[in-house]
């Protein structure tokens, strides 16, 4: 039966001003019911930290993804405004906002994928370690919520320093008895996106035609682009290799300095995060052959966590690939990366176990 004119007006006004609702018989017109919950077929995605510099463009891009049916936007500040703004986009996903710690559980209940850009951004002169004490506490709190409300969800962790926050998340999940190593993925896709772009510039190609595996971690020398494995196959001079490796490793610093105190790499990070989240959703859907680099629980090296290519499927990172043949430059770089990574991983584990 078609709703009456009065009901349609009530539904519209509920979006604009929820307090206009009359309770009792008209409670069916509550804002959450203005559309069938999860109208389009697809996945339920939560973004934790949705009002931040990465969170806002990330939320906008996820609203555009046809695989998303429900999009939950959580933050400790400003999430109602971001939610109102993004909810006006004429795409399929139903958007709901959640504000503050007391609404975290509601934001997480029933989610298939949780993307976490929450935390403070890096400022000029700030090392990734300076971020640690603030962001470590934030990640712990959010992961405790995930363990309680959506223990089977896939988790994409962006909050820096990723080399330490992923081990923190793992320890929280272990404590809660729900740790599935396949479902916790540190997002290193921005390193791959930068590598593809910078290598394409040197080769004179379209970046979309280039694929550069980037392994190790997600900070400084732990970022190791495997330029000997670039597709399409090509070769670089030692000078080009050094230039490209350094630029890929220092990509974040390049943006921080260019923004001169006005922020860090938020837009390219949001793009990379959505690119990775889309691959995760396609894996959850059951698509075959979905491969991407991510920082995961790993046996590729002696370290407990390491970024390399993984195959994404319904269970998350269903297969973690070996590094393949490395040249001498990459072997030296790998040893440097592992040294720094070991310290960062231990720092994360100690934060929870202290």
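A Cβ is built for glycine as well, from the same backbone N, Cα and C atoms used for every other residue.
Quick look at what TrEMBL annotates:
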- 218: active site, proton acceptor (ACT_SITE)
- 49, 50, 51, 52, 53, 54, 55, 75, 135, 158, 159, 160, 269: NAD(+) binding site (BINDING)
- 122, 128, 160, 194: substrate binding site (BINDING)
- 44-186: domain 'Lactate/malate dehydrogenase N-terminal' (DOMAIN)
- 188-351: domain 'Lactate/malate dehydrogenase C-terminal' (DOMAIN)
Cα-nearest neighbour of residue 51 (NAD(+) binding site) within the listed recorded positions, 160, 194, 218: 160
Neighbour count (Cβ, 10 Å) for residue 135 (NAD(+) binding site): 22
Tally of residues which DSSP labels helix, strand or coil - the domain 'Lactate/malate dehydrogenase N-terminal' (44-186): 62 helix, 30 strand, 51 coil
Spatial separation of residue 135 (NAD(+) binding site) from residue 160 (substrate binding site) - C-alpha basis, Å: 7
Site of maximum Cβ density within 10 Å, from binding-site residues 159, 160: 159
Euclidean distance between Cα atoms of residue 218 (active site, proton acceptor) and residue 49 (NAD(+) binding site), Å: 20
Cβ packing number for residue 55 (NAD(+) binding site), 10 Å threshold: 27
Which of 49, 53, all binding-site residues, has a Cβ with the fewest other Cβ atoms inside 10 Å: 53
Long-range Cβ environment of residue 194 (substrate binding site), under 8 Å and at least 6 residues apart: 247, 248, 251, 268
In the chain carrying residue 218 (active site, proton acceptor), residues 6 or more apart in sequence that have Cβ under 8 angstroms from it: 160, 161, 162, 163, 186, 187, 188, 190, 191, 295, 307
For residue 269 (NAD(+) binding site), nearby residues of its own chain (Cβ under 8 Å, 6 or more apart in sequence): 54, 58, 117, 158, 190
CB contacts for residue 51 (NAD(+) binding site) [other CB atoms within 10 A, all chains]: 22
Mean per-residue pLDDT computed across the domain 'Lactate/malate dehydrogenase C-terminal' (188-351): 97
For NAD(+), whose listed binding residues are 49, 50, 51, 52, 53, 54, 55, 75, 135, 158, 159, 160, 269, the greatest C-alpha pairwise distance in Å: 18
